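So the structure is just underneath, and the comments pick up after that.
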Amino acid sequence: RITERLGLEETSRIMKLQILCSIQGHQPQHFTATQAAQGPIQPGLEPLQGWTGHPQPLWAVKCIEVVEAYIERIREVNPLINAVVKDRFEEALQEARQVDQLLAEGRTDDSLEKYPFLGVPFTVKEAFSLHGMPNTSGLVKRRCVIAATDAIVVGRMKQAGAIPLGVTNCSELCMWFESSNKVYGRTNNPYNLQHIAGGSSGGEGSVLAAACSVIGVGSDVGGSIRMPAFFNGVFGHKPTTGVVPNDGQFPIAQGVRRSFLCTGPMCRYAEDLEPMLRVMAGPEVHKLKLDENVSLEKIKFFCMDHDGGSMFVYPVEKEILQAQKKVVEHLESDLGVQVQRVSIHKMKYSFQIWSAMMSSQDSDGTEAQCFTELLGDHGKPVWPLWELLKWLVGMSSHTLPAIALGLTEKVMKLSPSLNAKLVSMGKSLQTEMETLLGTDGVLLYPPHPTVAPRHHYPICMPFNFAYTAIFNVLGLPVTQCPLGLSSEGLPLGIQLVAASYNDRLTLAVARYLEEAFGGWVPPGKA
């Protein structure tokens, strides 16, 4: 069981700030990024002493106090979870003072529209460039690499007024679902330190769940946003392919992988997903038609309990199935809809399809960069068998999962005819899913066969990520939604899937399920 230090209730300063900053009088504990950046005095807020009633956002809590509270929180619990691997606290405090100065001058009418996240603290996955911060992606050979610029999405968040607190841990080269590497060590799950935080955006999942940050930037090529969001009981969204730019992160996606890698938002509260997505997508956001109203009663809901019984993947745990069943029952009783159960045969081959499509050529014949080349980081490609021997005697600078992935990649290339067949199956599955979901469909699907496993266990169940990975190669938008805690006190959850460019449907359903099932549960309350 996690120590009481990770219980949000024990951090009285943050709780007081959240109560003061609430604009939802009936839910004072909910301090979302959207609420934090809103304008004039609202019900539940006390105006500053001497306030004359002029419609200016004179807050009882200043930006500097909010940022200080989150810095204090990080310093308190990060020694336990090891999520933030490099901070920029001094810079963040200076930027918070600038926000307070802006507000004190009364220049808020234009500012709040121009800066929708004005003064909101956020964190960034270390794989993204954040000026002045390391950008190693957990690779020892990049230990000395410092970002000289911001990734596009990071720059857009900063331009929207958000204040970065630091960068968070990931798996080596972002290709494993436990965030552990030889540069920063291992990140722990705030609900139980003996369990994983997921990967590769595991640092983000952990830091958000532990209430050390308000919102975060993650990336996803096989479930790297959604698995950490699931394991840590927060929200995460993998957007439709090609809407949010991936520029400015390492490794840089090449070939077909440019179509599979997605950058997206992570947060504790569902209502923050859409405004983050708007900022991160920039001019491409119009493709998602987020301004269109969503009528939940008119959505066609589909449900699939498992992948059909893949020999490579563990069976879905009973509590995850029960949580999904409760969602189905609630949708049918509360909205009056009929949730249709479906069985999509090709989903049984999710892992094989993802693996084949990740290593396939794109339309102009360009091949994806080999993982062994990425491990070499512009040097000689790593020889995985030799690295395995070195690892056995404690001499390798790489993690075992990275070495194993290099070996798997070599094996996959031994059968080009089988790979071609699997790529064709993937394209057929994509057409089948798009047809099924149409413009008004949402699929309910498990995010993983198990709740967050113990550290090192993923190496014994290496292909379980197929439950999330399949949607990367299909290009579909997916929102990960928390559904309370298991009997072990570990988060439960569900994936919400829609057809391409229908992100607004999954985001709307996530907001609805948060209200129905409670959303994020503070660690220590289990």
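Each Cβ is built from the backbone N, Cα and C atoms, and glycine gets one as well.
Remember, TrEMBL labels are computer predictions, not curated facts.
Positions annotated as domain 'Amidase' by TrEMBL: 65-507. The active site, charge relay system annotation in TrEMBL covers Lys125, Ser200. The feature active site, acyl-ester intermediate is assigned by TrEMBL to Ser224.
The Cβ neighbour count for Lys125 (active site, charge relay system), using a 10 Å radius and every protein chain shown, is 31. The highest number of surrounding Cβ atoms within 10 Å, among the active-site residues Ser200, Ser224, is found at Ser224. If you measure from the Cα atom of Ser200 (active site, charge relay system) to that of the residue listed as 'active site, acyl-ester intermediate', you get 5 Å.
Here Lys125 (active site, charge relay system) is positioned 11 angstrom away from the residue listed as 'active site, acyl-ester intermediate', judged by their C-alpha atoms. Here the domain 'Amidase' (65-507) has a mean pLDDT of 94 out of 100.
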